[in-house]
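Notes follow the structure.
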């Protein structure tokens with residue numbers, strides 16, 4: 001074949017355009033938003049030589065292979081859990097239905113795949129030292145099974161400390177399962193995992209590149225942070241395993257984040273979420289533990305697991321429902337503020353209802369493009385009457401929602417499109433006045449250390465910066 005022939009060049013162009021048409025049809029059927037589908041389809045149809053590769057990397061919005069794996073995992077879990085004593089767990093689910101505060105969140109029972117459960121114990125863990133001290137202490141006490149899942153695991157001081165602890169527990173005969181995201185933990189050396197594997201720890205990466213079309217995908221990421229010890233103690237929140245979460249990065253220090261320690265029936269839901277992800281990675285199920293009884297008092301909790309395999313956009317709908325349910329206040333903290341149109345409309349409507357709407361975001365960037373897009377959305381929110389604040393001491397990474405006087409949510413989900421539609425996330429919804437008071441105290445302290453964004457801040461921004469913000473917003477759906 002003459003590669004210098006003009007016919008060869010024409011064949012290549014024709015092939016690229018054919019692939020562009022196929023990809024455009026794929027976008028029409030799979031991209032969840034009309035705007036996204038139109039943008040991808042038009043660009044793939046007319047300029048596929050510029051957009052075909054980006055679409056392979058960033059374009060897919062559904063994760064059908066995971067849906068099939070979840071279905072198979074659920075079938076195997078039903079068999080594996082048939083001999084477990086579910087009666088106490090069911091009783092806690094029935095008790096939770098009597099809560100008037102939870103009833104105000106009218107869509108939540110059907111929105112989440114997991115029910116609200118009564119009689120849980122929750123403890124607020126503010127910042128990295130408290131979080132990792134509690135996690136390490138719980139793992140030290142493990143006797144049967146330890147489940148560990150993080151988006152990022154670094155081979156640094158805290159990462160090596162976790163590794164050594166898990167090695168000791170494996171030597172004691174404890175079954176240890178570790179799951180990390182392949183993209184988030186791309187810098188983790190193979191030797192880290194291999195040393196754990198050699199000691200009997202089962203460790204795997206969560207990767208989304210199964211099948212030919214998905215092999216280029218880095219868009220779907222497992223952003224969940226879950227630790228469950230012996231089915232009786234669990235943790236969920238915003239921390240990953242890295243020294244920066246303990247203030248080890250001078251540019252971002254002090255790092256501000258929040259986790260929750262959990263006990264009670266809701267841990268069965270955390271185990272279910274872990275089991276589904278583990279099954280995707282290994283086609284096996286980890287052991288699941290249910291206690292024979294639960295305490296007679298505690299708080300209402302619902303684990304809200306969300307991701308691109310859901311039939312609807314669970315994470316986005318949660319934020320919308322939480323904002324719509326607010327009658328007095330809704331306070332939100334998130335490192336990234338890139339709301340979709342529905343969430344932004346919910347925020348504006350809450351302001352018009354007289355709700356105290358406050359959102360706390362970082363004053364320092366960890367990703368400059370995301371920071372630029374967040375800044376533009378923040379200016380628009382201020383013009384709509386939302387009170388926007390920038391946290392001054394260091395980088396703010398916590399993901400917290402406080403609604404009125406009883407409802408709070410803490411987890412891994414950010415207020416951005418990636419959490420809404422692309423990432424696997426998990427959030428703990430808690431309905432309890434005392435715990436909400438603790439969250440209020442924590443957030444009040446954070447707001448006191450923040451500077452409120454004013455309308456004048458937008459006018460003081462240089463036009464070049466404004467242009468950069470608007471360009472960043474154009475690509476915000478894939479940030």
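Cβ atoms are placed via backbone N, Cα and C, with glycine included.
From a predicted model like this one, the values you see are computed outputs, not experimental measurements.
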Of 38-58, 59-79, the range Swiss-Prot labels transmembrane segment: 38-58
Residue 225 (active site) versus residue 397 (active site) - Cα distance in angstrom: 13
Overall pLDDT of the domain 'PLD phosphodiesterase 2' (392-419), taken as the mean: 96
Inter-residue C-alpha distance, residue 399 (active site) and residue 223 (active site) (nearest angstrom): 12
For the domain 'PLD phosphodiesterase 1' (218-245), the number of residues DSSP places in helix, strand and coil: 3 helix, 12 strand, 13 coil
For residue 404 (active site): intrachain residues, at least 6 apart, with Cβ closer than 8 Å: 325, 326, 327, 328, 329, 330
Contacting positions for the domain 'PLD phosphodiesterase 2' (392-419) when only residues 6+ beyond its ends and CB under 8 Å are counted: 101-102, 104-105, 124, 151, 221, 223-225, 236-239, 245, 247, 249, 252-260, 304, 306, 315, 318-319, 322-323, 325-340, 343, 359-364, 366, 370, 374, 425-433, 435-437, 439-440, 442-443, 446, 449-451, 476-479
DSSP three-state assignment for residue 397 (active site): coil
